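Participant: Dropping a structure here in structure tokens format, bear with me for questions.
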Amino acid sequence: MFPIEAGDINPEKRIIPHLPAPRWFDGQRVAESRQGTLTEYCNSLMNLPGKISRCNHLLNFFKVRPDDLKLPTDSQVKKPETYLVPRDGKSNVTDITGPIILQTYRAIADYEKSSGSEMALATGDVVDVVEKSQSGWWFCQMKTKRGWVPASYLEPLDSPDEAEDPEPNYAGEPYVTIKAYTALLEDEMSLEQGETIEVIHKLLDGWWVIRKEDVTGYFPSMYLQQAGQDTDQAQSRIKRGAPPRRSSIRNAHSIHQQSRKRLSQDTYRRNSVRFLQQRRPRARPGPQSPGSPLTEEEEPPKTERPKPQPAVPPRPSADLILHRCSESTKRKLASAV
């Protein structure tokens, strides 16, 4: 981004100071120490030769933005939601001075960590989510502590559940199981390694709703890989087991009075079967063979369209009626009048 000393492109002789980002973000320093690190880094940038310290890139780096003049609010109920990575995947080089404000969540129950990479939680702990993984394990920070936490143990402060869950896609996406799993609850599915299934609903807690033929159920997303991709590489990324589901958490305490209603497996199955029946080709009229995929009971009901009603003509006027009626009728009407 910045120029290098003329005639020398050796990275070790770059005059741009190095920001110790890995050491600064590994949890060994407190917030005050991080601010000191940034202060030293900014001072070293401004003390560089004039061709660098006064170039447009550096001036834009220190330029005050309108948001920098707004004082932070004291409300801890809800913080602005700004992701580390934009949703569209695009980043702007000139936007590097933007503040990183993480999403804030609250623990609904106590969680004991089972490995050194995880972080223990107590009911009511407020954490900032740094990364949301599709596996259902989220990387969080709380003061000087950092680690992976099951998403099922967290809830947003402003709503009982996530509002980012996509709608079910009953057309399904083909996936392959990269690890076997034995169901522990009635609404889960047991599958062996290497089976091909369809994912119809991706949930943020890492438990996706899958379909195999006409059967649906929950399955850990970290044991799935998109069809056609390298499954060996995906298996090497499995470092921990599936996260616990919210239905299995005991003594869960939410600060919200009502939780959002989630779809039941009966609803998933019913909608999935209806979609599959509509997608299958209609059977030709005639006697059905024993191996026919659809029977009369399974065939979706046909909705009959109402027959169009004839248009009612407008009522004729009194003058038109008198003109068209017979002379005798005219005389009777005239005598009556």
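A Cβ is built for glycine as well, from the same backbone N, Cα and C atoms used for every other residue.
Positions annotated as compositional bias 'Polar residues' by TrEMBL: 227-236. The feature compositional bias 'Low complexity' is assigned by TrEMBL to 285-294. Under the heading compositional bias 'Basic and acidic residues', TrEMBL lists 321-330. The domain 'PX' annotation in TrEMBL covers 1-69. Residues annotated as domain 'SH3' in TrEMBL: 100-159, 170-229. Per TrEMBL, region 'Disordered' is recorded for 227-337.
Walk me through where these features lie, including what they touch and how far apart they are.
Facilitator: For the compositional bias 'Polar residues' (227-236), DSSP puts the residue distribution at 6 helix, 0 strand, 4 coil.
Per-residue pLDDT, averaged over the domain 'SH3' (100-159), rounds to 89.
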Participant: Is the compositional bias 'Polar residues' (227-236) packed against any residues at least 6 beyond its ends, judged by a Cβ distance under 8 Å, and which are they?
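Facilitator: That would be 174-176, 178-179, 196.
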Participant: DSSP on the domain 'SH3' (100-159): how many residues come out helix, how many strand, how many coil?
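Facilitator: Result for the domain 'SH3' (100-159), in helix, strand, coil order: 3 helix, 30 strand, 27 coil.
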